[in-house]
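Asker: Pulled these from Swiss-Prot:
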REGION    1-189  region 'Enoyl-CoA hydratase/isomerase'
SITE      E119  site 'Important for catalytic activity'
SITE      E139  site 'Important for catalytic activity'
BINDING   D296, N500, Y660  substrate binding site
REGION    311-720  region '3-hydroxyacyl-CoA dehydrogenase'
BINDING   M324, D343, V400, V401, E402, K407, S429, N453  NAD(+) binding site
ACT_SITE  H450  active site, for 3-hydroxyacyl-CoA dehydrogenase activity
Amino acid sequence: MIYQGETLSVRYLDDGIAELNLNAPGAVNKFDLKTLECLNEALNALYQQSDLKGLLITSDKDAFIVGADITEFLGLFAKPAEELSQWLTRANDIFNKLEDLPVPTLSAINGHALGGGCECVLATDFRLADITARIGLPETRLGIMPGFGGTVRLPRLLGADSAMEIITAGKDKKAQDALKLGLVDAVVAPTALKDAALSMIKDAIAGKLDWQKRRAQKKAPLTLNKIEATMSFTMAKAMVAQVAGKHYPAPMTAVIAIEAAARMSRDEALVVENKHFITLAKTDVAQSLVGIFLNDQYIKGKAKKAAKEGQPTKKGVVLGAGIMGGGIAYQSALKGVPVLMKDIAVPSLDLGMAEAAKLLNKQLERGRIDGVKMAKVLSGITPSLHYAGAEDADIVVEAVVENPKIKAAVLAEVESNVSDTTVIASNTSTIPINLLAQSLKRPENFCGMHFFNPVHRMPLVEIIRGEHTSEETISRVVAYAAKMGKSPIVVNDCPGFFVNRVLFPYFAGFSLLLRDGADFTQVDKVMEKQFGWPMGPAYLLDVVGIDTAHHAQAVMAEGFPDRMGKNYKDAVDVMFEQQRFGQKNGNGFFAYSVDRRGKPKKNVDPAVAELLAPVLGAATDFTSDEIIARMMIPMINEVVRCLEECIIATPAEADMALVYGLGFPPFRGGVFRYIDTLGLAEYVAMADKFAHLGAVYEVPTGLREKAAKGESYYTQQVNA
């Protein structure tokens with residue numbers, strides 16, 4: 001044994017060939033601070049070996065290295081820039097030490113080699129992958145860029161264009177694609193990886209493979225003439241500007257760093273990478289995107305825990321076919337849980353099966369599934385007019401029409417047709433779970449399961465706990481939602497649950513702006529282009545459906561009359577009266593036509609201004625900051641109230657529900673990350689300026705107290 005550390009070891013195999021084996025405690029290998037130090041110590045030991053002829057790097061895990069330990073990021077990013085620079089320099093000194101070993105080096109890659117894992121294999125002379133390998137640099141998706149030499153070595157290995165595509169997209173490459181690009185030298189079967197790696201390193205030792213030429217290429221400037229460089233970097237910047245936009249600076253910064261270092265040697269180029277990495281690490285965007293990653297891991301961790309605690313779902317029932325029921329049935333069957341889809345009408349069952357078939361055909365066309373998988377999924381959905389077969393179901397998801405009396409009747413009926421241990425969940429967006437539970441004999445087996453439309457695309461599922469819901473029920477439904485590929489977030493029962501409860505104060509802010517003379521097209525433009533929502537409020541209302549929103553607003557007003565009741569007629573009322581229901585019937589705040597791909601196309605409708613004139617104030621030119629403040633303060637206040645009232649358990653879950661359920665701009669991180677970034681005292685001062693507008697603008701007491709104490713909602717990281 002040459003070296004034995006906590007996360008890796010080095011030993012001789014035969015004839016002067018050493019193996020550096022990555023085998024950290026836990027499920028995966030990460031390039032955390034500890035592993036970097038172990039690598040440094042291992043390399044120091046290797047430099048002392050006079051008999052060393054070659055080095056293989058291997059992994060004992062299913063994945064080579066999944067990347068850096070992102071839980072360390074926020075702590076590192078909070079350090080002074082000089083200290084962060086020193087850490088990066090030290091890390092790169094270690095990778096340079098690997099690259100500069102006086103013998104040929106080879107990485108034998110199995111599974112994922114991402115981020116720091118990819119940068120590690122780039123530092124070796126050769127890369128051999130098995131067919132399961134996926135290699136990439138996802139850092140730009142976290143608001144940063146590669147910092148362990150990725151922007152230096154990858155362009156010198158692949159050429160600037162291919163390297164910039166990989167780095168700016170942040171997506172990994174399958175083994176065969178990596179081979180075509182030249183990112184790996186060969187791809188073999190998993191069982192052949194070790195022997196093939198030994199054979200290749202022996203060829204390098206024997207001089208059959210020129211490892212020194214390979215190494216020299218990675219340490220030299222890029223081989224681009226001035227005209228080629230100008231064309232390459234100009235096109236890359238134009239593409240990145242179009243795709244990433246102004247709110248996500250990391251991809252553009254990576255391109256700028258590669259361009260600035262193009263004519264430099266490795267060591268000079270690493271200094272450039274260091275500087276640009278630090279610039280990004282200090283941005284609010286990086287804090288937000290890293291925070292989202294950590295929050296997502298926290299939610300996944302809770303779902304895994306629930307899966308261990310609750311019995312697995314082997315069979316489900318969906319009550320109510322149609323688009324929503326068909327979508328739920330499809331998602332369940334796709335992920336391996338067969339379902340009985342029950343309805344009272346054959347046309348509805350046909351519609352549900354057609355919805356599932358349509359979604360599967362899209363997957364087939366895109367090459368994501370084959371015909372065998374499609375047939376298997378469809379055979380996993382059994383349409384039925386009867387309850388026969390439901391008696392052994394683990395979970396029932398009721399998805400009938402959004403009417404409390406109908407739902408209550410259906411729930412009582414299904415309860416009498418299933419076992420005493422079957423969990424029943426209602427897919428409802430507005431009806432209180434405690435109200436529906438009154439129709440059941442076993443309310444402890446009942447909860448809400450609010451899917452978002454379209455089911456196959458929207459990641460969030462709200463799991464609603466009623467007064468009598470057992471923890472066993474919650475665990476089983478959370479585990480089922482996770483099995484379906486969703487992000488389940490548990491909330492307590494209240495009008496609108498969490499997502500709709502916080503959405504309608506936002507719509508109230510919109511109505512008040514219009515009442516005070518704002519132009520709804522300007523409001524939409526500001527909230528999309530400046531704040532970063534995928535849709536402005538008018539467009540969102542059209543997509544949700546004006547009739548749906550009008551009904552939900554009445555429910556919210558009944559539940560929270562002080563804040564959400566209104567004593568004036570607003571723009572949504574006018575749209576509803578005029579039966580302009582939005583995209584569903586072609587007219588709402590905007591008019592809709594069908595584009596060449598069959599998708600709704602939004603158009604300005606001149607008739608709307610005249611229709612709204614009676615409820616609009618005198619035209620007023622609001623600044624972008626005023627529009628953002630007046631739109632966001634009501635939502636922020638309601639989100640905080642939900643936390644204070646224990647409707648939602650943590651800031652992390654609240655922020656992820658907003659990002660996954662409403663499309664809250666990821667670069668802002670969610671409401672709690674956003675107000676932490678603003679500063680709670682600054683937020684309170686801003687909100688107080690608008691307090692005269694009504695109760696939705698009044699800052700919750702708990703938030704005001706935290707602001708006075710100088711506190712924030714997040715510490716540096718969320719622990720799963």
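Along the chain as shown, the residues are counted starting at 1.
A Cβ is built for glycine as well, from the same backbone N, Cα and C atoms used for every other residue.
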Asker: In this structure, which of the binding-site residues S429, N453, N500 has the fewest other Cβ atoms within 10 Å of its Cβ?
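Answerer: Ranked by other Cβ atoms within 10 Å, the binding-site residues S429, N453, N500 bottom out at N453.
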Asker: Please report the DSSP secondary structure of H450 (active site, for 3-hydroxyacyl-CoA dehydrogenase activity), reduced to three states.
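Answerer: Note: H450 (active site, for 3-hydroxyacyl-CoA dehydrogenase activity) is in a strand by DSSP.
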Asker: What whole-number distance in angstrom separates the two most remote CA atoms of the NAD(+)-binding residues M324, D343, V400, V401, E402, K407, S429, N453?
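Answerer: It comes out at 20 Å between the most distant Cα atoms.
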Asker: Looking at the binding-site residues M324, V401, which one has the fewest other Cβ atoms within 10 Å of its own Cβ?
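Answerer: Fewest other Cβ atoms within 10 Å, among the binding-site residues M324, V401, is found for V401.
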Asker: Just give me the nearest neighbour of the residue listed as 'active site, for 3-hydroxyacyl-CoA dehydrogenase activity' among the binding-site residues D296, D343, S429, N500, Y660, Cα to Cα.
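Answerer: That would be S429, the closest of D296, D343, S429, N500, Y660 to the residue listed as 'active site, for 3-hydroxyacyl-CoA dehydrogenase activity'.
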Asker: Excluding near sequence neighbours, so keeping only residues 6 or more apart in the same chain, what lies with its CB under 8 A of K407 (NAD(+) binding site)?
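Answerer: In sequence order, E398, V400, V401, S426, T428, I431, L436 meet the Cβ cut-off.
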Asker: State, in Å as a whole number, the widest CA to CA span among the substrate-binding residues D296, N500, Y660 given in the record.
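Answerer: Among the residues the record ties to substrate, max Cα distance equals 21 Å.
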Asker: So if I draw a 10 Å sphere around the Cβ of E119 (site 'Important for catalytic activity'), how many other Cβ atoms end up inside it?
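Answerer: Other Cβ atoms within 10 Å of E119 (site 'Important for catalytic activity'): 28.
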Asker: If you count Cβ atoms within 10 Å of the Cβ of D343 (NAD(+) binding site), leaving out that atom itself, what do you get?
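Answerer: A count of 23.
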Asker: Cβ neighbours within 10 Å, counted over all protein chains: which one of the recorded positions E139, D296, V400, E402 has the most?
Answerer: E139
Asker: Which chain-mates of Y660 (substrate binding site) that are at least 6 residues away have a CB under 8 A from its CB, listed by sequence?
Answerer: M458, P459, L460, S487
Asker: Across the whole of the region 'Enoyl-CoA hydratase/isomerase' (1-189), what does the mean pLDDT come to? Round it, please.
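Answerer: Overall, the region 'Enoyl-CoA hydratase/isomerase' (1-189) comes to a mean pLDDT of 96.
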Asker: Nearest to E119 (site 'Important for catalytic activity') in three-dimensional space, by Cα, is which of the binding-site residues D296, D343, E402, S429, N453?
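Answerer: Looking at Cα distances from E119 (site 'Important for catalytic activity'), the smallest one goes to D296.
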Asker: Taking Cα atoms as reference points, which of the recorded positions E139, D296, N500 is nearest to M324 (NAD(+) binding site)?
Answerer: N500
Asker: For D343 (NAD(+) binding site) and N500 (substrate binding site), determine the Cα separation and express it in whole Å.
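Answerer: Cα-Cα, rounded: 27 Å.
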Asker: Can you grab the distance from S429 (NAD(+) binding site) over to N500 (substrate binding site)? Cα atoms, rounded to a whole Å.
Answerer: 7
Asker: Roughly how many angstrom lie between the C-alpha atoms of E402 (NAD(+) binding site) and N500 (substrate binding site)?
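Answerer: With the alpha carbons as reference points, the distance is 15 Å.
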